[in-house]
Amino acid sequence: MSTDFFILTILLMVNVLVATALLLAARSLGQPLVARLLAAAFCCNVVMYIVDVLYLALFRDSVALLCLLNALGTLGTMFAAAGMRVRVGLPPKIWIYAAVQVLTLALTLYFSLVDPNKGARGAIVPLLASSMIVWGTAAMWRPGRKLLLGERPMIVTSLLMVTTETIGGVALFLRGREPDAFLENVYMFVVFIGLPAMTVALGMFALYLLASDLADRLRRTAETDSLTGAPNRRAIEATGRRVIDEARTAGTPLCAALCDLDQFKYINDRFGHALGDEVLCNISLLFERHGSKPLHGRYGGEEFLLFFPGRDLTDVHGEVENLRRDVMALAIAGLPIQITASFGLTQLAPLDTLATLIKRADQALYASKQTGRNRTTTADMPPARARQELASSRA
């Protein structure tokens with residue numbers, strides 16, 4: 001078996017295995033469209049290597065088969081780029097892929113019929129494929145977007161693949177029409193070592209990326225209130241512990257507020273739970289879009305917990321009052337009564353835990369309820385003596 005056929009056999013087997021794994025992942029890891037697009041990329045490689053075997057064995061003078069071979073070479077990376085873009089919510093932009101395919105065929109025909117150049121003709125696929133890999137990778141790695149854990153190894157491996165393909169393409173282009181022992185050795189190293197290794201790595205990290213996405217979706221589901229889409233109690237408490245630590249580290253104030261919808265049981269009993277659910281969703285949306293940008297979550301039932309990092313009681317009291325008035329201004333179709341809410345507000349004290357901070361906000365909320373509802377009550381800070389006693393009890 002010649003070296004060419006041995007390399008093609010290895011690449012063929014690797015791509016078959018990776019394509020199969022990705023097709024199985026499409027059924028079990030979610031994001032079936034993304035998984036199928038990535039699988040299609042490796043399937044294109046499989047077909048390309050089969051065509052390559054036929055070309056080398058039987059049809060070395062067939063320009064038509066060479067055009068098909070090069071078209072398949074760039075098509076695979078187009079599927080991969082489309083998968084990466086679809087995964088992050090970007091349009092695939094089919095016209096770009098069509099333009100690259102036209103360019104691939106035009107260059108193949110030019111360097112086959114107009115200005116025959118074996119080296120330049122061989123460089124077409126590696127160089128254009130590299131541009132497609134960069135195009136797909138840029139969808140993940142762009143300004144203003146936070147990289148997810150599973151994306152980092154995929155980006156690194158993609159860039160290594162680009163480097164490998166580019167080195168091989170440049171070596172072929174520089175080789176030109178005449179054989180060159182050094183450039184031939186460079187190219188052989190790339191296709192014998194670089195391409196199989198990078199293909200395996202890309203397949204492995206593509207699967208890891210899909211699994212990481214699934215884990216992230218499961219985590220978000222576990223931390224999201226299924227009705228309102230807001231963080232649930234577990235998530236908002238985790239946020240609370242984080243902002244308390246940040247406030248203590250930075251020496252900045254932190255306020256917390258508990259909001260409870262007034263007469264919510266009456267709304268459910270009189271107008272139905274569906275309308276009550278709509279009220280909760282609108283309240284959550286109000287908090288999300290409000291100019292004060294509170295960190296909020298559904299704490300339970302009709303209660304919401306809000307945090308205001310970096311702001312003191314005086315400042316936040318006015319913002320909470322604005323929120324209360326905005327709640328009163330909500331109009332829900334089918335609900336003939338005005339919605340109101342009561343708030344309990346407090347500020348982080350030096351020795352507070354999350355539990356004591358929330359307890360004080362809850363006491364203030366209770367005071368709002370007891371004094372007529374639809375109001376904001378500010379809790380007193382713990383007196384210095386109480387803080388000292390708490391510190392002594394902890395010691």
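The backbone N, Cα and C atoms fix where each Cβ goes, glycine too.
Quick look at what TrEMBL lists:
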- 369-379: compositional bias 'Polar residues' (COMPBIAS)
- 252-381: domain 'GGDEF' (DOMAIN)
- 369-395: region 'Disordered' (REGION)
- 6-25: transmembrane segment (TRANSMEM)
- 37-57: transmembrane segment (TRANSMEM)
- 63-82: transmembrane segment (TRANSMEM)
- 94-113: transmembrane segment (TRANSMEM)
- 119-141: transmembrane segment (TRANSMEM)
- 153-174: transmembrane segment (TRANSMEM)
- 186-210: transmembrane segment (TRANSMEM)
Quickly jot the same-chain residues contacting the transmembrane segment (186-210) by Cβ under 8 Å, restricted to those at least six beyond its ends, or write none.
3, 7, 10-11, 14-15, 17-18, 21-22, 25, 29-31, 34-35, 38, 42, 45, 80, 87, 150-151, 153-154, 157-158, 160-161, 164-165, 167-168, 171-172, 175
Among 6-25, 94-113, 119-141, 153-174, stretch most in contact with the transmembrane segment (37-57) (C-beta, under 8 angstroms):
6-25
State the residues, same chain only, that lie 6 or more residues beyond the ends of the transmembrane segment (6-25) and have a CB under 8 A from a CB inside it; answer 'none' if no residue qualifies.
35-36, 38-39, 42-43, 45-46, 49-50, 52-53, 56, 191-192, 195-196, 199-200, 202-203, 206-207, 210-211
